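Visitor: I'd like to ask some things about the structure below.
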Amino acid sequence: MVWAHSVSYDLINWIHLNHAIEPSEPYDINSCWSGSATILPGEEQPIILYTGIDNNKHQVQNLVMPKNLSDPFLREWVKHPQNPVITPPNGVEVNNFRDPSTAWLGKDGKWRVVIGAQNGDEGKAVLYQNFFPVSINSLNGVDTSVPNQSVRHVLKISYFRRHEDYYFLGKYVYDEANFIPDVKFTGTSLDLRYDYGKFYASKSFFDHAKSRRILWGWVNECDTTQDDVEKGWAGLQCIPRQVWLDENGKRLMQWPIEEVEKLRDKQISIIGEKLVGGSTLEVSGITASQRRRTSADGISARRSARDDGGAGGPGEAETPRSDGIWDRNAVENRWNGRRNRDEEPLERAARLISAETPRSDGIWAVETRRRATGAGGRNAISAAIWIGTRRLKRDLRCPPFIPVEQRRRCGTAGPGPAADHRQSRGLRRATRLRLPADDSTAAAQMLRSGIIGPFGLLALASEDQTEHTAIFFRIYRATSRYLCLMCSDQSRSSLRQDLDKATYGTIFDIVPNLKTISLRSLIDRSIIESFGEKGKICITSRVYPSLAIDKDAHLYVFNNGSKSVVISELNAWSMKQAEFGQEKSINK
């Protein structure tokens with residue numbers, strides 16, 4: 001593994017240079033893995049601390065510095081003569097000691113850095129100070145070394161076994177070098193995540209020029225190695241996102257950086273269109289799939305019978321009924337290896353989310369993990385549910401169309417992203433769907449009856465909609481508040497049967513007097529990044545349609561609920577191709 005090197009003036013268009021760091025010394029001869037850059041004060045010299053795999057297969061930390069600071073592209077880097085500068089301490093596994101953070105300078109004049117580590121099943125860090133601050137009073141970002149009373153801090157962890165990124169808000173006590181989280185890690189859906197889809201091993205940095213915190217993450221693959229070879233990559237980076245603290249101080253908000261708007265081309269708008277229950281409206285006149293210079297064209301498209309066991313698409317997002325559920329002894333989250341009454345193996349543990357539930361007539365499936373194949377080829381789902389006001393763990397025995405987390409964990413090898421940058425974007429959308437405004441009392445009655453929706457977008461859809469990825473909302477009422485379920489459903493994204501087609505989703509609170517709910521999606525040939533309710537929830541999906549490609553890709557708005565919704569405003573743009581090339585081929 002090497003460090004490839006690209007530079008950009010806007011984080012959207014990129015210039016490829018020669019590799020920056022390659023294996024060459026005993027301390028990195030077996031690979032140069034992930035790391036972070038730090039800007040030193042004074043001459044503003046950047047240095048990189050990275051993980052090397054030495055000749056004993058141990059993971060050690062090494063420094064590199066630019067050879068020529070007068071070179072604006074910093075093309076050449078030299079390794080420090082005293083490498084390795086950090087070796088595995090006692091109490092951590094020598095082959096699980098990697099991913100050093102950006103360093104920061106403490107009040108005592110000493111630099112601090114954190115390095116991820118593991119000992120058995122326990123995740124560790126040399127020092128839990130891999131923080132970045134967020135401003136309490138504005139949307140501006142904050143430099144890592146800035147201590148003052150108007151910031152809070154964020155600790156991010158990448159959970160290797162799940163390939164998911166979690167974060168914690170809290171307070172960093174500088175004098176004690178201690179981070180105090182608002183809420184501890186629970187291992188359940190209560191924990192905050194950057195993204196509920198394919199998004200892992202993320203990094204953030206402070207953009208001094210625009211006073212903003214930038215985040216981007218690895219959009220990894222879950223398909224076969226042969227597919228990776230044919231595509232020419234095994235993951236890439238998402239569009240960079242700006243990150244800030246929400247007005248309630250309870251979570252982070254994310255939004256694509258403003259520079260992506262440079263790629264906007266032809267625009268289509270829909271204003272005030274009413275969608276009755278069961279209706280679909282095509283958004284025509286724009287390119288619904290952007291052709292990429294690096295594409296999936298090399299993958300053979302093998303058409304096969306349609307799989308109707310998907311989630312979330314029109315006609316498929318149903319609420320489980322009581323006749324589809326049977327009792328089971330309440331056990332802790334250790335269902336692996338057990339069997340239910342029909343001898344259907346449960347492949348993954350279920351986790352319970354704390355959600356306030358409706359009255360006793362309500363049954364809520366709030367999270368699923370892995371599906372299992374039962375007798376006669378029927379699918380079963382291991383899940384945690386709420387029945388009435390009691391908290392129970394049970395098995396759901398029904399086709400897998402429950403629009404909640406139902407993913408297959410990727411078994412990707414390696415420590416982190418060895419990814420190419422995204423080479424273009426397809427389509428950007430800002431969509432607002434609102435509840436009918438003609439009678440607020442009627443709207444409240446709708447919510448009391450249980451559900452509004454599902455409603456949302458069908459992206460990368462074939463003309464007959466046999467292929468599509470559905471990004472949608474469903475709104476529920478709990479005893480004292482409203483809940484919204486946002487999902488990105490890949491189950492019908494392709495007619496190919498040998499692909500990962502997981503469904504991603506999560507539940508979040510919405511205010512009782514909410515009139516609109518917003519959705520923004522960035523779509524290209526194979527990636528859909530969706531931002532719900534102004535960036536409160538983010539879901540990234542990786543899809544490979546066999547029919548909905550280039551001019552044959554369509555975009556639809558749908559409402560599959562029993563009640564009407566209104567498109568308050570929909571704006572869609574065809575997008576120009578981002579520029580990727582060698583140094584001489586791209587102008588500033």
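Including glycine, each Cβ sits where the backbone N, Cα and C put it.
Because the structure is a prediction, the values reported are computed rather than measured.
Annotated domain 'Glycosyl hydrolase family 32 N-terminal' per TrEMBL: 1-129, 137-256, in sequence order. Sequence annotations record features per position, and here TrEMBL assigns region 'Disordered' to 286-329, 407-429. Positions annotated as compositional bias 'Basic and acidic residues' by TrEMBL: 318-329. Taken from TrEMBL, the feature domain 'Glycosyl hydrolase family 32 C-terminal' covers 449-574.
Please go over these features one by one and say how buried each is and what sits next to it.
Guide: Across the domain 'Glycosyl hydrolase family 32 C-terminal' (449-574), DSSP assigns 7 helix, 72 strand, 47 coil.
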Visitor: Suppose you look only at the domain 'Glycosyl hydrolase family 32 N-terminal' (137-256); what would the mean pLDDT be?
Guide: 85
Visitor: Looking only at the domain 'Glycosyl hydrolase family 32 N-terminal' (1-129), how are its residues distributed among DSSP helix, strand and coil?
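Guide: Helix, strand, coil within the domain 'Glycosyl hydrolase family 32 N-terminal' (1-129): 0 helix, 55 strand, 74 coil.
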